[in-house]
Amino acid sequence: MMSVEHSANSQKKVIVGMSGGVDSSVSAYLLKQQGYQVEGLFMKNWEEDDNEEYCTAAEDLADAQAVCDKLGIPLHTINFAAEYWDNVFEYFLAEYKAGRTPNPDILCNKEIKFKAFLEFADEVLDADYIAMGHYVRRTFPQNGEKPQMLRGLDGNKDQSYFLYTLSHEQVARTLFPVGELEKPEVRRIAEEQGLITAKKKDSTGICFIGERKFTDFLSRYLPAQPGKIETPEGKVIGEHQGLMYHTLGQRKGLHIGGMKESSEQPWYVADKDLKRNVLIAVQGADHPLLKSHGLVAAQLHWVDRTPITEPVRCSVKTRYRQSDIACTIIPLSDDRIKVMFDEPQVAVTPGQSAVFYQGEICLGGGIIEERI
């Protein structure tokens with residue numbers, strides 16, 4: 001006999017973002033098991049150089065189609081390449097040009113997966129919900145309260161860092177079936193159900209770059225400007241091929257050889273002098289210039305869409321997969337905050353996102369403007 005929940009779900013249509021990967025495949029399967037009317041939607045977000053071996057779009061679409069056929073659900077396709085170029089890629093290039101290090105995956109979620117996708121699912125496919133294969137969870141409040149976004153159950157795979165721009169309205173319209181599972185369990189389900197994606201490896205790297213070498217890709221769109229590498233005292237110790245290829249705290253790829261009168265400790269990027277096109281490097285992972293006591297962030301997005309008006313104790317991540325850092329948020333205005341860490345941190349990078357948590361709850365975040 002059908003459960004009450006199963007029967008209520010059968011009136012609801014869910015459009016699943018099918019990427020051709022295991023997480024979205026299992027998401028579609030689980031929603032079908034829960035009784036929803038499930039349809040897939042495959043997005044093509046990148047048009048350039050599809051003839052290169054790096055672009056897996058054709059293979060991904062074939063895998064998504066095979067999974068939908070196996071599950072007996074329709075698959076729609078949509079091309080968001082123009083929206084992606086205008087709203088994600090041009091920002092990505094502008095940030096690199098300005099010497100910052102952006103995170104395009106966060107912008108892709110904001111502008112494409114939870115905006116353009118949601119609008120298309122609403123207007124064309126008449127969706128009640130959309131669903132994605134992200135490792136996050138959400139609450140389902142019964143009494144008119146705003147839903148909250150929670151970290152994924154699998155701490156290793158939690159993707160809330162990439163989704164902090166979502167509003168409670170977007171969270172309310174989205175289901176995250178695999179957020180309640182550990183990754184090995186997701187693969188086990190895919191295998192049990194005979195889904196072609198069960199053993200497919202997870203995609204890595206920025207969506208439009210894929211597996212190729214980042215510097216090669218970037219140089220096609222932004223001309224590199226070589227310059228000097230200096231110590232904080234102004235001593236020239238090497239040359240760089242372009243500031244955009246380097247990020248704060250970076251150790252590899254500096255090609256600074258052994259020098260007289262210097263210790264054997266490795267060199268790290270401590271700063272970028274944009275005016276002079278100079279990279280500043282220091283020796284030793286514990287060098288004080290590598291450490292920040294806090295940061296200033298702007299372009300804030302709070303999941304509940306309520307600005308912070310007084311100091312808040314919470315934790316922050318300044319990059320993906322980082323352990324939580326205890327901190328205090330101090331509001332400077334509705335759209336700017338100062339964040340002071342309990343302990344100094346390395347590699348706090350302007351252009352990256354600072355994302356805030358209270359326990360399991362993702363509060364939101366913003367773009368790092370400067371470090372303190």
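If you go along the chain as it appears here, the first residue is 1 and each next one adds 1.
Glycine is no exception: its Cβ is also placed from the backbone N, Cα and C atoms.
Annotated features, as they stand in Swiss-Prot:
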ACT_SITE  Cys108  active site, nucleophile
ACT_SITE  Cys207  active site, cysteine persulfide intermediate
BINDING   Gly17, Met18, Ser19, Gly20, Gly21, Val22, Asp23, Ser24, Met43, Gly133  ATP binding site
DISULFID  Cys108-Cys207  disulfide bond
SITE      His134  site 'Interaction with tRNA'
SITE      Gln352  site 'Interaction with tRNA'
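Looking only at Cα atoms, Gly17 (ATP binding site) sits nearest to His134 among the recorded positions Cys108, His134, Gln352.
The recorded positions near His134 (site 'Interaction with tRNA'), taking a 10 angstroms Cα-Cα threshold over the set Ser19, Gly21, Met43, Cys108, amount to none. The Cβ of Asp23 (ATP binding site) lies under 8 Å from the Cβ of Gly133, His134, Tyr135, Val178, Val186, each of these being in the same chain and 6 or more residues away along the sequence. Classification of Met43 (ATP binding site) by DSSP places it within a strand.
Cα separation, Ser19 (ATP binding site) to Cys108 (active site, nucleophile), rounded: 14 Å. A gap of 12 Å separates the Cα atoms of Cys108 (active site, nucleophile) and Met43 (ATP binding site). Cβ environment of Gln352 (site 'Interaction with tRNA'): Thr101, Pro102, Asn103, Thr318, Arg319, Ile367, Ile368 lie under 8 Å away, each six or more residues apart in the same chain.
Gln352 (site 'Interaction with tRNA') carries neither a helix nor a strand DSSP state and counts as coil. Look at the Cβ of each of the binding-site residues Gly17, Gly21 and count the other Cβ atoms within 10 Å; the largest number goes with Gly17. Residue density at Cys108 (active site, nucleophile): 23 other Cβ atoms are found within 10 A of its Cβ, drawing on all protein chains shown. Listed in sequence order, Gly17, Ser19, Thr77, Ile78, Asn79, Phe80, Ile112, Lys113, Phe117 are the same-chain residues at least 6 apart in sequence whose CB falls under 8 Å from the CB of Met43 (ATP binding site).
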